[in-house]
Amino acid sequence: MAAAGDSSVRRRRVETQDSTSPGTQRTQGTDDSAATGTERAEEPAPRCLRPGTYWLTRIVLLRAVAFIYFVAFSVALNQNKALIGERGLLPCKDYLNSVKRYVGGRIGLDALVYTPTILWFLDWSHMDWNLDAIAVLGMVLSGFVLVSGMANMVLMVLLWLLYHSLVSVGQLWYSFGWESQLLETGFLAVFLVPLWSLSMVPRCLSPSLVCVWAFRWLIARIMLGAGLIKIRGDKCWLDLTCMDYHYETQPVPNPLSYFLHRSPWWIHRCETLSNHIIELIVPFFTVIGRRMCMVHGAIQILFQLVLILSGNLSFLNWLTIVPSLSCFDDAALEFLFRSKGGAKDQVLKIQEETEAGLSPKTSRGMQIRKVVNVSLGLLIGCLSVPVVMNLLSSKQVMNTSFDPLRIVNTYGAFGSITKERTEVILQGTSAADPKDPSAVWEEYQFLCKPGDVYRRPCFISPYHLRLDWLMWFAAFQTYEQSEWVIHIAGRLLSNDSSVLSLIDHNPFHGSASPRWVRGEHYIYRFSKPGSSSAARGQWWIRKRIGPYFPPVDLEGLRGYFQSRNWPHPLVPKGRN
């Protein structure tokens, strides 16, 4: 033993002496480099999440839903008082009273089923305050979920109830398909989260596959509904010419619409054909495996981003991205999260524990949640029956709800395309006689809808200007079909501040209100890039069709307003 120890000591001394020689130093350096390389090679590779779980998917979905809620409630805060407030164009208080009379004069179950809103239980003498309170509370709650990525059932149910309360009394102003789509999306989000916990990654509650597939079913219905209504609605979708008109005639174009409209004809044909493929074929990718499901999600998201860039379609396209996110699992979305710490590490730990057989013991709450998830699947399955029948019907209707809570709906967009853009231009004059040839008529400018031909189209998506959008519908109807346009005229005659808050330019600001207001009907077309009109700064060229409604004054509108139970506009001070 001693000899062995001495020889070992001698070998170490020799190695130490050899290491001091120049030749040996070079060898040692090489060895050190090799050793370092070996150590680096042995460093553990970055750990990646395995497919098949949806913890990160839940976080992304929640934040996306919260973002849409935040935008929708901000729209409500800025516009609801002028649209459905106490002196709004269509006061929700009057609507609630009419529903109350219809159901027998009582606020009971029938009233709640017909119009599900918490406004039934609030003080109607302060309706503007009620509407603002709902909007502000919705913004606060959705803002919290958006920033934190955390939510529970209480929060998500409250957001859903608050927005449902506005949609139910919004009447014409909330009659768009994306309102029902947001309510359905928000309803599904309720079942993504725990009952009470605000943990971003709640260990005791893995994301429900039933809920994930419900989101996938939603995006499939949205696309199929939109695709089927097109091929059944307007022949230009079948002959591939619809995109020749769409960019110019859509409700609220943006600056890119101007240039996209002038694309070569063959690009428009390719756009229309690709639209059919994306809406009618790609949705079936969802059920043919993980990779094809992700391809479906990626195509739909890219498609919606293109639509966002090409026009101001409210928050519709942003909202349609939300269920598309359910096509991606944790392994696909981990690039969105930081590599060290946070939710990603928690999910990785859960996956490792599950693989090692260390999953949390099943509790009573977890068993109850499984029953809830199965019940959700059965509910959606039952409510989907009329939706599927509608999709298969040759008389398909779009953007329709078959249940009062709008849990499962049918969707569609641009079933028909207008070939010419018409606009209603509101004008006022201070002249005593509207027929006087010397009367000067000045135009009101809306916030975003085309008016002044020199004004550049705006870019406001995902924000939504409800009045501007409805003016687009009014332009290809008559004023008898859109009586609210006359209501606006009466308010303009009195310089009503609530309605003027929805207007960009009031030509009578700081002066006496107009004596007369009229509506003029015009055809609008994009100017051609490089033309003399474009060189003068004109984005639009317009041609007058004729009067939309004749000149009206306050006295002449008195009987009209009374017959419709509208509050008569106040006569401005100093006006006899």
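Heads up, the Cβ atoms here are built off N, Cα and C, so glycines get one too.
Over in TrEMBL, the protein carries these features:
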type     : residues : note
COMPBIAS : 17-36    : compositional bias 'Polar residues'
DOMAIN   : 174-334  : domain 'Lipase maturation factor 1/2 N-terminal'
DOMAIN   : 407-550  : domain 'Lipase maturation factor 1/2 C-terminal'
REGION   : 1-45     : region 'Disordered'
TRANSMEM : 55-77    : transmembrane segment
TRANSMEM : 103-122  : transmembrane segment
TRANSMEM : 134-162  : transmembrane segment
TRANSMEM : 371-392  : transmembrane segment
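Taken through DSSP, the domain 'Lipase maturation factor 1/2 C-terminal' (407-550) splits into 28 helix, 40 strand, 76 coil.
Within the same chain, residues 92, 95-96, 130, 134, 161-162, 164-166, 168-169, 404-405 sit at least 6 positions outside the transmembrane segment (103-122) and bring their C-beta atoms closer than 8 Å to a C-beta of that stretch.
Long-range neighbours of the transmembrane segment (134-162) within the same chain, counting only residues 6 or more positions beyond its ends whose Cβ lies under 8 Å from a Cβ of the stretch, are 59, 62-63, 65-67, 69-70, 72-74, 76-77, 80, 118, 183, 186-187, 189-200, 343.
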